[in-house]
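The [4Fe-4S] cluster 1 binding site annotation in Swiss-Prot covers 177, 182, 188, 418. What Swiss-Prot records for 203, 207, 210 is [4Fe-4S] cluster 2 binding site, and it gives sequence analysis as the kind of evidence. Sequence annotations record features per position, and here Swiss-Prot assigns compositional bias 'Basic and acidic residues' to 114-135. The domain 'Radical SAM core' annotation in Swiss-Prot covers 189-407, and the record cites sequence analysis as its basis. For 104-154, the entry in Swiss-Prot reads region 'Disordered'. The signal peptide annotation in Swiss-Prot covers 1-23, and the record cites sequence analysis as its basis.
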């Protein structure tokens, strides 16, 4: 009868342990593959088969002991790993899924990240499909059948209207009231209020809602325009004036120097007059913004025109939503004493949620005043009106805006960015600030 050697007993015990711990696995390799989802770095067989320092392993039996202690170490590693996982799950229940996922290893999060990326792509695609279904304004599209009654305004007439028109023509000055075909021209001019348009009557941009003439190379600005503007304003019996301009991307500074010179001349002649300036974005040029912000004006205005989604359909490609908001923010940072102002046209296919989102973005950029008005198509060659927004909806946006913290909101079908209703309120705001400043200096 053959006697079994101790080495055979050890080997048989090793096979039993492998079968017991790893199911039907009969080799070391298959045992490794059934390693209870342990981290890859802990599965290096070379690390687990290093020379052991166990006291019962002498030189002859060291190799056999390694096999035994491999199973022993595998078991210990498995228990430790499961213990860590249990602790993580416990923390997950206490502090939420974000903490739990942050505690997981890279190999464990790989599947979740892949699934998360797929969900993000799916949501993005669904959002794009929803936006495609929303109406957008286009040149030549069908207009609403009938203009509501609240848009019927009387034709511009009156002595002041005629005198103002003659003065502007004599001094070769342009107004946005005429160029943009504003429906309030008769009302504003009869109380001696006009919005002077500087830098000529030709714009270098081609926004699809605007009726002002366009050209890539307009005539050079009139050098006498700042003097003529200051002369006209000083002759008129007004305390609040609005200056605006066309976009002049052909000029190095966008026309900022010309604009600033006009303001300085007006302030030199009549220091008490309040000036609001509706300016371009100057392509985001900080030096041009600084020049205007420090020129002496009280109100710095620049319009975002419409909600984020409709920017590419409504505005020139050189203008964008983020840049317009950034311009107003920079102006306020340069001169904190300025009031900043913007305007949004309604009726171009925007949704209520998009308008509220735009209002929130505007307020986050520390802009003080916002106005809302109905878009009206100047000619058949411009964007169509998607809808006529009701006066009740304009009132709703005004109420929501006041909750957001705007200092003033002008909201109505016929309201425009330089509408007189806003001027009265802005005048009182500026005078209050002036009084507070004088009191503090005294």
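Note: Cβ is positioned from N, Cα and C throughout, glycine not excepted.
Same-chain residues with CB within 8 A of the center of the 203, 207, 210 CB atoms, the [4Fe-4S] cluster 2 site residues themselves not counted, are 205, 206, 209, 211, 212, 214, 246, 247, 316. Using CA atoms as reference points, the binding-site residues 203, 207, 210 were checked against residue 188 ([4Fe-4S] cluster 1 binding site), and the closest is 210. In this structure, residue 203 ([4Fe-4S] cluster 2 binding site) is part of a beta strand by DSSP. Checked against residue 182 ([4Fe-4S] cluster 1 binding site), the binding-site residues 203, 207, 210 differ in C-alpha distance, with 210 being the nearest. Between the listed binding-site residues, namely 177, 182, 188, 207, 210, the fewest other CB atoms within 10 angstroms of a CB are found at 207. Residues within less than 8 Å, Cβ to Cβ, of residue 203 ([4Fe-4S] cluster 2 binding site) and separated from it by at least 6 positions along the same chain comprise 210, 212, 213, 214, 215, 218, 246, 247, 248. In this structure the C-alpha atoms belonging to residue 207 ([4Fe-4S] cluster 2 binding site) and residue 177 ([4Fe-4S] cluster 1 binding site) are separated by 17 Å. Secondary structure at residue 177 ([4Fe-4S] cluster 1 binding site), as computed by DSSP, is helix.
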